[in-house]
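Worksheet: one structure, shown below.
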Amino acid sequence: MVNYKVTLHTDDRVAAGTLNHVYIKLVGTQGESERKWLMGLKGAKAFKKGAVSSFTVSAPTSLGQLVLVEVDKKAFVGFLEDSWFLSMVEVKSPYGDTFTFPVHRWISDSNVHRFREAAALRVLDDKHHLGRYSREQELKVREEAYRWHVYTEGLPHCIKAEDLTSLPCEVQFSFTKSTEFAFTAASGLLELKLKGLDNCKKGWTNIHDIDQVFCCKQTDIADYVQKHWKEDSFFGIQYLNGVNPILIRRCTELPKNFPVTDSMLFPSGQMSLDAEIQKGNIFLCDYKHLDGVKTNTINGKTQYLMAPLVLLQKTADEKLMPIAIQLKQTPAEDNPIFLPTDSEYDWLLAKIFVRSADFSEHQLNTHLLRAHLLAEVYAVSLLRNVPMVHPLYKLLIPHTRYTLQINFLARNLLISENGSFTQFSASGGEGMLTILRRSLSAVTYSSLCITDDIAERGMQDVPNYFYRDDGLRLWYIIYRFVKGVIEYYYKNDQEVQQDTEIQKWISDIFEHGFLSQASTGIPQSFTTLAELVKFVTMVIVTGSSQHAAVNSGQFDYGSWMPNTPISLKRPPPTKKGEANETTMLETLPDVNVTVQGMATVWLLSQQSSDFVPLGVYPEQHFTEETPRKFIKIFQAQLEELSNDIIARNKKLEVPYTYMNPTEVENSVAI
């Protein structure tokens with residue numbers, strides 16, 4: 001008999017252990033063992049939370065190179081099945097070889113589950129039908145578990161799930177994450193409910209009364225926002241380092257529907273707009289996706305959402321200052337262009353309408369669509385089409401953690417018919433879907449790649465643009481890591497072209513994420529190594545650093561409601577000189593709307609205690625020495641960047657922390 005030492009690692013997370021009987025079979029290139037019940041001296045403790053237990057499995061003759069293990073479990077007679085999180089199986093042969101089988105998933109039924117050897121060469125699939133069979137069988141099971149669903153026509157498709165329990169166990173929240181998420185969601189409104197503010201449908205009568213809400217939960221940056229929200233310089237800073245840093249672009253030509261003149265901007269004739277444009281000092285923010293959308297009715301009152309055009313100028317002291325605001329897209333006599341030289345409340349109210357528009361643009365396009373929904377498409381396609389042993393799976397699976405469940409919750413708690421965004425934002429309901437569809441039709445591949453996007457927007461040399469500085473460094477660090485790993489497995493373009501699994505992965509993404517629109521520039525297939533490396537880099541960046549950049553600061557910049565109103569209940573002024581403090585207060589959202597908005601951004605900004613930072617891999621998927629070396633280099637470069645960001649931030653009045661690798665989660669998990 002030939003004896004193999006089999007070691008099973010049960011994960012250390014809450015409720016990971018099992019009391020069921022566990023069975024295993026070893027399959028190699030020269031045969032297979034009998035299915036064995038793993039019964040040892042430890043008894044029920046062998047598979048408890050965090051346990052590492054070894055057993056002997058025998059075969060009549062050598063099994064050759066091991067290619068897979070078959071694992072299943074059965075409950076005691078009269079007992080229920082439980083769920084077991086198996087991390088890994090290691091097998092040592094009597095000939096000195098060690099075979100590793102990464103699992104990292106919940107096993108909740110009594111079916112046989114097959115797991116391939118981590119470093120198994122692809123050539124084995126061609127020479128030994130067992131390797132190919134296991135791969136095809138795995139994908140068949142995954143295709144059934146991860147089915148596409150059309151949530152709404154014109155939007156990226158998502159995973160089909162009737163409720164949270166129907167999501168595959170391996171993608172559900174941990175017990176810790178579930179508990180903390182529910183507690184945070186409940187506590188976000190608790191103090192406000194006790195104060196009776198959550199159901200108050202009255203308007204604000206004094207700007208200082210908003211402190212009742214604001215003081216409940218506060219951060220240093222939120223406190224700074226409260227103090228400086230009226231300032232033009234801070235208004236400009238938010239386009240660079242706030243939660244929506246991808247809208248602003250250098251203006252090379254004034255839009256025809258924005259009839260700003262030199263006499264408006266430079267009445268003394270000391271400058272000209274054309275000259276400033278030529279110097280690269282003029283920047284434009286255009287909220288055209290919001291134009292004409294149907295707005296919400298809240299507390300029985302029609303809400304208002306504008307589609308502004310905003311012109312900003314880089315000054316001699318390197319500040320970015322707003323110089324003109326037009327609140328509607330079509331020029332008209334009742335659509336004045338507001339200027340910093342207007343009365344205090346004319347100008348402030350114009351900026352408030354812009355900031356409210358920015359809330360909808362940010363939440364729906366920048367955050368929900370470009371981060372959450374697209375990250376889900378990348379994840380579902382991976383889980384449907386790529387087997388666990390595949391290097392692409394190993395690279396990307398850490399960046400899918402919790403994404404499917406957090407998006408399911410978002411669809412049910414935020415943007416559903418009774419969701420908080422639907423009920424309490426100006427763009428909730430029909431308008432929300434219009435904006436999302438328009439935004440998807442405008443998405444391009446280049447706009448999802450920060451290197452291309454910065455260049456296309458002409459933002460390469462704008463001072464104090466920390467989103468760009470940190471984002472580009474992260475892109476290149478991730479790119480070098482991805483390039484090293486992929487080029488270890490693929491030696492030339494032909495190998496990429498012949499890999500049917502990655503071709504199916506990108507094909508599904510093109511079809512289900514971008515609705516087969518070639519105008520997006522999204523690849524429909526991969527023909528070169530370089531194409532594959534760039535796209536995988538974009539996917540990792542989207543789910544990690546880009547999501548952090550547009551998510552983590554939501555409470556900082558949105559909790560002081562006047563800086564980011566989620567809705568406005570009066571139409572914009574049609575002529576100048578009539579706005580005052582009362583007009584502004586009557587325009588701001590009601591108390592309960594303010595409370596709901598604050599509670600939501602609080603929830604969306606909180607890390608859980610099982611947060612996994614970028615570059616940290618608790619689950620070991622790569623077993624070969626070379627990829628593991630690349631991981632160490634990757635981690636060292638991330639640490640260097642983190643130290644540089646911390647040093648820079650010590651010199652800043654408003655630190656930019658959102659893309660510090662230690663603050664960036666590996667995946668879209670909140």
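Yeah, the Cβs are placed from backbone N, Cα and C, and that goes for glycine too.
Record features (TrEMBL):
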type: BINDING; residues: Gly17, Asp82; note: Ca(2+) binding site
type: BINDING; residues: His367, His372, His547, Ile670; note: Fe cation binding site
type: DOMAIN; residues: 2-121; note: domain 'PLAT'
type: DOMAIN; residues: 120-670; note: domain 'Lipoxygenase'
type: SITE; residues: Trp106; note: site 'Essential for stabilizing binding to COTL1'
Asp82 (Ca(2+) binding site) versus recorded positions Trp106, His367, His372, His547, Ile670 - nearest by Cα: Trp106
Env. residues of Fe cation site, Cβ within 8 Å of mean position of His367, His372, His547, Ile670 Cβ: Leu368, Ala371, Ala375, Ile406, Val550, Asn551, Leu604, Val668
Secondary structure composition of the domain 'PLAT' (2-121) [DSSP: H/G/I, E/B, coil]: 5 helix, 61 strand, 54 coil
Cα separation, His372 (Fe cation binding site) to Trp106 (site 'Essential for stabilizing binding to COTL1') (Å, whole number): 24
Gly17 (Ca(2+) binding site) CB neighbourhood, other CB atoms within 10 A: 22
Among Asp82, His547, Ile670 [binding-site residues], residue with fewest other Cβ within 10 Å: Asp82
Rounded Cα separation (Å) that holds between His367 (Fe cation binding site) and Gly17 (Ca(2+) binding site): 37
Other CB atoms, at most 10 A from the CB of Trp106 (site 'Essential for stabilizing binding to COTL1'): 19
Local confidence of the prediction over the domain 'Lipoxygenase' (120-670), expressed as mean pLDDT: 92
Close in space, distant in sequence - His372 (Fe cation binding site), Cβ under 8 Å, 6 or more apart: Thr403, Ile406, Asn407, Ala410, His547, Val668
Whole-number Å value for how far Gly17 (Ca(2+) binding site) lies from Ile670 (Fe cation binding site) (Cα to Cα): 26
Surrounding CB atoms that lie within 10 Å of the CB of His367 (Fe cation binding site), all protein chains: 22
